[in-house]
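For reference, the structure discussed in these notes is given below.
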Amino acid sequence: MRLFTHGQVLALLAFVNTISAIPSFSTNSYPAHPAEPVSIFSQHQPQAPLGLWTRLRNSVIERVWGVPPQQRHRGGNKHQYPPFSAPASLRTRYGDDVVLRFKLQTADEVKALVEASNILFLDVWSSTDEWIDIRLAKDVVPSLLGLLPKSLQTTHVPLIRDLPQTIYESYPSPFQSASGHERGFLPSGEPSSDVTNIFFENYQPLSVIVPWMRLLASMFPSHAQFISIGSSFEGRDIPALRVGVRPANDQKRRRTLIIEGGSHAREWIGVSTVNYVAYSLITSYGKSKSISTLLEQFDFIFIPTINPDGYVYTWETDRLWRKNRQETSLPFCPGVDLDRTWGFEWNGNATGDNPCLESYGGDKPFAGVEAHQLAEWVKEQTEQRNTKFVAYMDLHSYSQQILYPYSYSCLSQPPNLENLEELAMGIAKAIRLTNRKTYAVSSACGGLMASQKKKAKPETFLRMESTGGSALDWFYHDFGVKYAYQLKLRDRGSYGFLLPRENIVPTGKEVFNAVMMLGRFLLGESNAFQELDWDAGFQRPNKDDKPILNDDDDDDDADTNDDGIGRKDDSWIPDEYKGDNDRDESDGGWAFRRLRKR
């Protein structure tokens, strides 16, 4: 328990009083569930559940002053409620969209899938050396299959059959999760008994994250500072936490690590994970010798989302929005991909003059406002603030991968490739020992590689999208950060970007231990990659961590054969279209409707 001085307690009280005046975020911020149980505090006086900030305030008071927490299940209410249907607004926006996975074996298959995706303006969710996930309208599936070779027509796997419903169930309930209502498609689980984890029981909107960050900084002023990296296109601050303890009169350049998430707005798990790691380091200082040493030797810059405009947009309008929200040459296709707009090997020609593409990198290097703001900030810190950036970790989702430079090309190798691979394997080991999750380690070049066991050499495939202009490559090559990684977090496709909230804390612990492993490596510890020392600051999995995904293996494809190859599912194809490879004018109509929905 961290001790507070009298002055700090008074300051915290003043801040908590300020926070308590902030109204709970409106249910208009996301599709509210149409019915929720009401907590009964007496037989005659029903009361609405406590607002989020009231509960956060109470949890702070309970933690700091040792007030016994109130019982979280009043009256023993443990009734289960049936899932509610997605509201009409979501059905209108997402229609009958689904997500399919295609297993790839040959370069011709990849080429055909790339061309078909571009023709139909399809949303590619993720791609690895084994599969590609694509979102599309159900009635467009036969048209897509008609453009593909027969081998792909028989190897598509349904991942998400009802996208609007899955999106609806990914939003947090405006009521406390302990109320007893659990989403119907998830196994029920008790909320964490640790009152300090209340913030991580759900994904949080930006209107909650920023005051929470300020609260942390005010509680722990000795080693946490709330800062702004710059301003977004719409004028929002890009919030961050600087965590570390710099000795007085220290003239050495301060070694600093950046841990960033949310450059792609829809990847909520990256935002929550950055917050979790920051919280864990801040609250463990002075309790763990290993963590205290890290914060005395390094500064950590935690940026939950470099894309605040896009993140807010995913809460208020389109849950699956990827880019930022700045204007482009086409008024109905706003946004720049903030991970394709950086200056090193920017490849804007790959996306042409089409701002409607999800990977559009802008019309020039650093066209993305927020990427330019971050680049200018790190330059200023280096030139004027005596800072040396030694590591960069960019959190994305999904597919469970640890990627190192380069992203723009598989033909170039970084000079310290062996060290990058060694550390990446150590990070993967730390994650595996935490929750038995397997993360693949590879270059981020993005060239899909055929996994054909009969071939002596893998075959380089055509890419699904441009991979130039990445933040990973810029920090490594242009800015000289020796250890730069992109982590693609859970899962491997069962939920994709709509990862249920039960995974927030387990994923946070995995990445926290990965950061601890990174810190030990940077400190030069000779035993950094040996078994995790659970008494040296690493976080153990516990009974409250109930990941809903299979931990026995990481093949999350529910609809696969025993050999791992997907089977054809004719339920996606209307009877009148089976065997008919002709396209009609409805293809273009669906694509245009999708663009207009933006």
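Indices start at 1 and increase along the chain as displayed.
Cβ atoms here come from the backbone N, Cα and C positions, even for glycine.
Disulfide annotation in Swiss-Prot: C356 is bonded to C333, selected among C333, C410. When Swiss-Prot records H264, E267 as binding Zn(2+), the matching candidate from H396, H477 it lists for that site is H396. The Cβ of E267 (Zn(2+) binding site) has 25 neighbouring Cβ atoms from other residues within 10 Å, across all protein chains displayed.
Of the listed binding-site residues H264, H396, the Cβ environment within 10 Å is emptiest of other Cβ atoms at H396. Residues H264, E267, H396 make up the record's Zn(2+) site, and a Cβ search at 8 Å around their centroid adds G261, G262, S263, A265, R266, G270, R322, D339, L395, S397, K488, F497 from the same chain. For the pair H264 (Zn(2+) binding site) and C333 (disulfide bond), the C-alpha distance works out to 16 angstrom. Here the C-alpha separation of E267 (Zn(2+) binding site) and C356 (disulfide bond) works out to 19 Å. When secondary structure is read from DSSP and collapsed to three states, E267 (Zn(2+) binding site) falls in the coil class.
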